[in-house]
Structures are given as structure tokens and as C-alpha cells.
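In what follows, a structure is listed as C-alpha cells, so that the remarks can point back to it.
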């Protein structure tokens, strides 16, 4: 399988193609049990019903998993994923409770280090790396991402449609610039597919602007992994920084 590799030099922020196989994060068999869908069920009742099924079919049957978690957490992964309801990383990757410290936002963006503008994301990264000692930072894009479509659709000088969305997805501007420059005649939907992966690479580069991440990568205690989940084709691809 071919994969994308992020160059470390700032002048090469976006990935180039390589043909060596990418090592994939270890996938775990899922422990969740999906609640039985009920037509026209009250939304709040649906939450209660889902928890009751989880408790009886998973929580009560796996004390060896949940008892240690009462004392603390020691996740292996920090996962950045999109807020899209179709792309829950715990479901698609079969991650167990306690295995992944997760941040979800529009288009799975990781902004660069900024002590005043992005403190929510910065604090999550700092806690995961410095306190929880995670070993792998993973950024996962996905097919048909609305945030990526919004980024690619934005026109210079045009007024924003939303209060926050456009300003947030501009984090991926360098990825957009690469796509429109290198694929000017490619159909829009295909450009979006390319941009879904290029935006992940920008986020991987941005992770290296956080001092403790840069130090961990240099010391070999941290690994950066990009991923893309295509829920149309049922394919999950990974590549390493």
C-alpha cells in the first residue's frame, strides 16, 4: 500500500508520495455494543436506553477492563478526529475505553502553538504528552468532510457564512494552496479528497510547533501518524511523519 510521508523541512509542509508500506497503529477489537435502534424513540430516552445496553452487555461483563480505569488512565494514543457523526474513532478503530485520549473538532484540525488563540487544543496536547505520556499522536481525516469542503470553497475577500467555521478551517490554508496549485483542473470533489489528506499533513506539521511534541519526536518517545478514513469505500489508510 502506498502512503503519504510528511517532510520535516518547513518549505515542504505537505506530504510527498512514497511506496514503502506504512505501519499501522495497533487496532483493537471493539468492546462497545451498539444500542438497538428504535423508530421514533424520544432522543433523551434513546441515550438512557443506549447506556443501559452498554452497561449490561459491556460494562458489567468486562470488570477486568473497567476496574483499573477507576484508578486512572494511561492511554497509548492521542487521536485528533473530525466531529462528523459518521466518523467516531473509537468505533472505526475498535479502540477500548482508556486506550485513546481524543480531541474532535471540525475537519480534525490541529492549529499551531499559540498561547492565546488555541488554548483548548494546546492544553489537551500538553496534558496528553506531558501528564499522560501518550506514545502516538494520530490525526485522522475522512471522506466527504464538510469542513474540508468549506475550506476549498472559500473565496478571497468573500464574507464568512458562519461565525466560527471559516476562521477555524483556515488552519488548513497551506494544504488548500497546494491542492489548487498542483491540481487546478481536477474536479472539485476529487480536490476535496486530496485536501482531506493534505490537511492532515499540515496538522502533523503544526504538532511539531508544540515544544514538548518536538522534544518527544526527537527523543523517539513520540510518534506522529496521519490517517484517512474513507467511509464510502470502507478503507482506512495510515502514514507516518
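A Cβ is built for glycine as well, from the same backbone N, Cα and C atoms used for every other residue.
TrEMBL: automatically predicted annotations, no manual curation.
TrEMBL annotations:
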BINDING   82, 84, 142, 145  Zn(2+) binding site
Cβ atoms near residue 84 (Zn(2+) binding site) (within 10 Å, other residues, all chains): 19
Additional residues surrounding Zn(2+), by Cβ distance to the 82, 84, 142, 145 centre under 8 Å: 81, 83, 86, 87, 107, 108, 141, 143, 144, 146, 147, 148, 196, 229
Neighbour count (Cβ, 10 Å) for residue 82 (Zn(2+) binding site): 24
Under 8 Å by Cβ from residue 145 (Zn(2+) binding site), same chain, sequence gap 6 or more: 82, 84, 107, 192, 196
